[in-house]
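Data block below; observations after.
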Amino acid sequence: MRLCDRDIEAWLDEGRLSITPRPPVERINGVTVDVRLGNKFRTFSGHTAAYIDLSGPKDEVSAALDRVMSDEIVLAEGEAFYLHPGELALAVTFESVTLPADLVGWLDGRSSLARLGLMVHVTAHRIDPGWSGHIVLEFFNAGKLPLALRPGMMIGALSFEPLTGPADRPYNRRQDAKYRDQQGAVASRIDKD
């Protein structure tokens with residue numbers, strides 16, 4: 001059962017859930033908290049690798065990822081990031097989120113943006129219990145026109161679901177937590193699997 005707006009506010013007030021900066025009450029509705037787009041992005045360099053063998057030797061996977069991922073792009077205030085049709089890019093939420101060991105989060109895109117072809121997550125929309133950091137968005141433009149994305153715009157909504165009890169291995173305590181405390185648009189670390 002997901003937390004309703006009243007319970008989200010209570011969890012925030014009690015410090016059981018942290019969203020920084022704390023969203024105003026106007027952005028907490030029904031079962032969701034609206035989140036905004038941050039100013040950090042990464043793109044994929046075109047045709048710098050013939051392919052990436054995801055199950056190949058880790059050093060080869062790592063080298064291929066280094067070839068295809070751009071350095072982090074940090075936009076200045078007022079700048080826009082242009083996502084062209086058929087392109088995939090990474091970005092982050094403006095807000096940082098910290099979940100306790102007994103709560104899982106879910107990121108959903110906005111219907112108004114989806115109707116223009118923008119997907120804010122390709123498959124990874126679960127936020128594990130114990131997570132702390134900015135949420136990476138996996139943008140894909142399935143539309144016909146380039147989309148201008150500006151830091152600060154409403155980009156998605158988070159919902160939260162209590163677990164039956166605290167997880168024994170929450171994300172922030174796992175030794176293999178590849179994205180712990182991420183602050184930017186961190187590229188895939190599949191080579192760390």
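A Cβ is built for glycine as well, from the same backbone N, Cα and C atoms used for every other residue.
Sequence annotations record features per position, and here Swiss-Prot assigns dCTP binding site to Arg110, Ser111, Ser112, Leu113, Ala114, Arg115, Asp128, Val136, Leu137, Glu138, Tyr171, Lys178, Gln182 based on sequence analysis. According to Swiss-Prot, the active site, proton donor/acceptor annotation covers Glu138. Taken from Swiss-Prot, the feature compositional bias 'Basic and acidic residues' applies to 170-181. Sequence annotations record features per position, and here Swiss-Prot assigns region 'Disordered' to 170-193.
Overlay of Swiss-Prot annotations on the structure.
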residue : record            : DSSP class
Arg110  : dCTP binding site : coil
Asp128  : dCTP binding site : coil
Leu137  : dCTP binding site : strand
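Counting other Cβ atoms within 10 Å of each Cβ, the recorded positions Ser112, Asp128, Leu137, Glu138 show the lowest value at Ser112.
Separation of the C-alpha atoms of Glu138 (active site, proton donor/acceptor) and Ala114 (dCTP binding site): 13 Å, rounded to the nearest whole number. Counting only residues at least six positions away in the same chain, the Cβ atoms of Val120, Met154, Ile155, Gly156, Ala157 sit under 8 Å from the Cβ of Arg110 (dCTP binding site).
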